[in-house]
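Worksheet for the structure shown next.
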Amino acid sequence: MIDWITSQGQGLLGAYWTPLWILIRAVIIVVPLLLCVAYLILWERKLIGWMHVRIGPNRVGPLGLLQPIADVLKLLLKEVMMPTQVSRGMYLIAPLMVLMPAVAVWAVIPFQAEVVLADVNAGLLYVMAISSVGVYGVILAGWASNSKYAFIGAMRAAAQMVSYEIAMGFALVTVLMVAGSLNLSAIVNGQNTGYFADMGINILSWNWLPLLPMFGVYFISGVAETNRHPFDVVEGESEIVAGHMIEYSGMGFALFFLAEYINMIIISTMTALMFLGGWAPPIDSVLTNAIPGFFWLVIKVFLLLSVFIWIRASFPRYRYDQIMRLGWKVFIPLTVAWLIIVAIWIKSPWNIWH
């Protein structure tokens, strides 16, 4: 069908079709992504409410399903107040610098076999590079606000995000080593081959099992990277109020939270692609293969996002020194050690990947 649409479009519009088709595909990704963020916030409030033996949002619409729409309207109608002491240009650019990398990452994320905006061979490298740019927007927000609270929050964010990016990078390098490719689709396809996959038990052939420490480190580091609870000292309410966002209101404030929730979805999607077989079903059968691969990926991402929320509801906030100690003294040495083990494993006669 996609080939038919492409051929018809080229016949009608000629050279104008290619940029228009790229724009259409980008809109097809971004609009559902924004809806996912809206209802992820509702799911978070509902799930935490159930964990606390509360009802959660239930006033706007049936079962509270229109609550995200009401929240968006509220933020759109709020006055954007700009304190007199801020550096105006940098203050306005900072939220966009946080949001744009979070959206740009989706250009190379495959949703199913051959369903991707740009199927580049260096997709994994692109994700690692673009996702690390958002920290500059956080630093810029803290600096431009000319507030002590905002600056402290920005410095905490910079140190925390850089620290955990190292562990995440090492975890992804091990996936690169066993897959032998930087192409995200090739990494997913490589997980669905081998002894267990031939038996129809795909779930045991995925990377989560042989790379279990890396799987745990990558996901927990992702929680820290997104400044989510219990790693949310960047915006610890009892210490520095909203951290680098303290001087923002209205849509400026909303853009930071939009980027945070998009990054949560990115971490969950990358975890599913790198370690949980992507769009492949856990069991290879006629029934599971009848379900489109996109839905299997959505199910895995939804479960991982629910773990994000479960962690928030269950654990107290760590002290800043504990967060730094976990990153530098536990995760980085662990990932380096497992990287060496995997390298030896690949060169040994017991290599299970090739």
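Each residue, glycine too, has its Cβ placed from N, Cα and C.
Quick caveat, the model's predicted, so the values are computed rather than measured.
So that you can see what the record holds, here are the features copied from Swiss-Prot:
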type     : residues : note
TRANSMEM : 22-42    : transmembrane segment
TRANSMEM : 91-111   : transmembrane segment
TRANSMEM : 124-144  : transmembrane segment
TRANSMEM : 168-188  : transmembrane segment
TRANSMEM : 203-223  : transmembrane segment
TRANSMEM : 255-275  : transmembrane segment
TRANSMEM : 291-311  : transmembrane segment
TRANSMEM : 326-346  : transmembrane segment
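Below 8 A, the CB atoms of the transmembrane segment (124-144) and the transmembrane segment (168-188) form 3+ pairs separated by six or more positions in the chain.
Listed stretches 22-42, 291-311, 326-346 were compared with the transmembrane segment (168-188); the greatest number of C-beta pairs under 8 angstroms is found for 326-346.
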